[in-house]
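Report on one structure; see the data block that follows.
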Amino acid sequence: MTASKEYLANVEPEKPNQKFGSRHYIVFMLFLGMANAYVMRTNMSVAIVAMVNQTAIEKDPDLLDDECPDTDYGDTSNDDEDRGEFVWSTSMQGYILSSFFYGYVITQIPFGLLAKRYGAMRFLGWGMLINSVFAFVVPVAARQGGAGWLIVVRFIQGLGEGPIVPCTHAMLAKWIPPNERSRVGSIVYSGAQFGTVISMPLSGLLADHGFDGGWPSIFYVFGIIGTVWSIAFLLTCHEDPVSHPSIREDEKKYIQQSLWGNASVHIPPIPWMNIAKSLPFYAILLAHLGQNYGYETLMTELPTYMKQVLRFSIKTNGVLSALPYLAMWLFSIVVGWVADWMLTSGRFNHTWTRKISNSIGQYGPAIALIVASYTGCSRALTVAILTIGVGLNGGIYAGFKINHLDITPRYAGVLMAFTNCSANLAGLLAPIAAGNIIEGKPTIAQWRIVFVIAACVYLFTATFYNVFASGARQFWDNPENDEPQKASIEAPNGAANNSNGTTSSALTHRTVNEQQS
């Protein structure tokens, strides 16, 4: 702890006196990009409720699917049950919802590696442009080609969104100093919840009152928004502080000096063998797997649960399905600020900060899912519990989600590509598993199985993370081990280079990391 305080007091580069700098603009655009990405990911969850004729789906005649009666506040209506254009079984709906993730998964690692070699910004911008443009094709594919062509188009959208997380992580590693990462990472990744909060209620309104039959307008409206953002991002953002033509010199110096070797033009080859033997890496990987399975279960299936079991109308469905993600968005920002305070106060190191934040973020929703599975037809109680549980899930952004940048800032984008790819393989199983579990039996008992499975996955992976995670920069990403002529950057506070090419700043960072571990 003493070393950490000494670092903050004596070595930390001077922060520029600037309320809104170039790095803040990058953060703002990455936040909007994450929001757009999740809009494209979640709008199908609400749209498919309006697309499918729920009353025409074959169900087990011996099982009750209307256990919960109509209520005054449920705003249920028989009118919207028969308007759906398509008769798709719940398992087919699961395949449609998961098709996006097949494309999303297979581009994670390639884009992570390409971003390390060629830069992240253009892959991110062009990928999101492809995603946005193909949103316009969704209604045509569904109406002309049925479920098969719809799955193909959603798959292509997933391909385009593949760069969003590894490339965002790579850009954060180049732009954000270590002691700003918790709150900045929380802000950027909370764009996912912001996008969900915007997408679900607006999708519900568009499905009810939009043009071209309602649900197609969802994809047209969000396709336009995504296209505008992609073009703005490509025209106004830059890869790193060095390539930015108008960044203030004091801000550039502050960022470069804070990153300790990360701003160097030369980055050594990826240490694959050391990564493969790293338990802190596997802790992040397992936590990411558990998060995506639980999160995708809720994100893709919650609107269907609201419709089938709690019997909310499409419009009310969209608003109430968004409430948990509004709570998560707000809580994630608060946790990010608290986590940075924990670090700067010197009372907690990076390891404990990440573990505490992640425990809140994964144990919380696990408990909520178990409790919610036993609330039956108590609509208000069920929505309240899920809102609290998913809200607490926001802790993961100051937990494992930003942990890649702690253990290896120079290879954070590559590691994020691997963990996000693996996590989304687990995530795409969530709607398929849920669809098959409730196939023909959309009862509370069957939905309980869906929720309890997700809760158990959360519990196991969070515990593994608490045992093996670390917040210390790993020895295999130590700039002191680089070739001196390629690793040197200007030392903070004018510190001179040592004879072996390292700086006193680097030595201090090493001391801090030893203390953290």
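Don't overthink the numbers, they just go from 1 along the chain as shown.
Just so it is clear, glycine is given a Cβ too, placed from its N, Cα and C backbone atoms.
Marked as compositional bias 'Polar residues' by TrEMBL: 495-517.
Here the domain 'Major facilitator superfamily (MFS) profile' (26-473) returns a mean pLDDT of 82 for the predicted model. Annotation source TrEMBL lists domain 'Major facilitator superfamily (MFS) profile' at 26-473.
What TrEMBL lists as region 'Disordered' is 479-517.
Here TrEMBL flags 25-52 (among others) as transmembrane segment. Using a Cβ-Cβ cut-off under 8 Å and counting only residues 6 or more beyond its ends in the same chain, the transmembrane segment (25-52) has close neighbours at 80, 83-88, 93, 96-97, 100, 124, 128, 131-132, 135, 138, 142, 154, 157, 161, 164, 168, 171-172, 175-176, 184, 187-196, 198-200, 203-204, 207-208, 214-215, 218-219, 222, 225-226, 229-230, 232-233, 236-238, 299-304, 307, 314, 317-318, 321.
If one looks beyond the transmembrane segment (92-111) by at least 6 residues along the same chain, the residues whose Cβ comes under 8 Å of a Cβ in the stretch are 41, 44-45, 48, 52, 123, 127, 147, 150-152, 154-163, 165-167, 296, 300, 304, 417-418, 420-421, 424-425, 427-436. According to TrEMBL, the feature transmembrane segment maps to 92-111 (among others).
What TrEMBL records for 123-142 (among others) is transmembrane segment. Taking Cβ pairs closer than 8 Å, the transmembrane segment (123-142) reaches residues 33, 36-37, 40, 44, 51, 85-86, 107, 111, 114-115, 149-150, 152-154, 156-164, 167-168, 171, 212, 215-216, 219-220, 222-227, 229-231, 233-234, 237 in its own chain, all 6 or more past its ends.
What TrEMBL records for 218-236 (among others) is transmembrane segment. Tertiary proximity for the transmembrane segment (218-236) is limited to same-chain residues at least six positions away from its ends with a CB under 8 Å from its CB atoms, namely 25, 29, 32-33, 36, 39-40, 43, 46-47, 121-122, 124-126, 128-129, 131-136, 138-139, 199, 202-203, 206-207, 210-212.
The transmembrane segment feature in TrEMBL is assigned to 322-344 (among others).
Sequence annotations record features per position, and here TrEMBL assigns transmembrane segment to 380-400 (among others). If one looks beyond the transmembrane segment (380-400) by at least 6 residues along the same chain, the residues whose Cβ comes under 8 Å of a Cβ in the stretch are 73, 182, 185-186, 189-190, 193, 283-284, 287-288, 291, 294-295, 298, 302, 310, 320, 323-325, 327-336, 338-339, 353-355, 357-362, 364-369, 371-372, 465, 469.
Residues annotated as transmembrane segment in TrEMBL: 412-433 (among others). Residues 91, 93-95, 97-98, 101-102, 104-106, 108-109, 111-113, 115-116, 120, 165-167, 169-170, 172-173, 270, 275, 281, 284-285, 288-297, 300-301, 404-405, 450, 453-454, 457 of the same chain, all 6+ positions outside the transmembrane segment (412-433), place their C-beta atoms under 8 angstroms from a C-beta of that stretch.
The transmembrane segment annotation in TrEMBL covers 445-468 (among others).
For the transmembrane segment (322-344), the list of distant contacts is 4, 8, 179-187, 189-190, 193-194, 196-197, 199-201, 298-299, 302, 350, 352-353, 356-357, 360-361, 383, 386-398: same-chain residues at least six beyond its ends, Cβ to Cβ under 8 Å.
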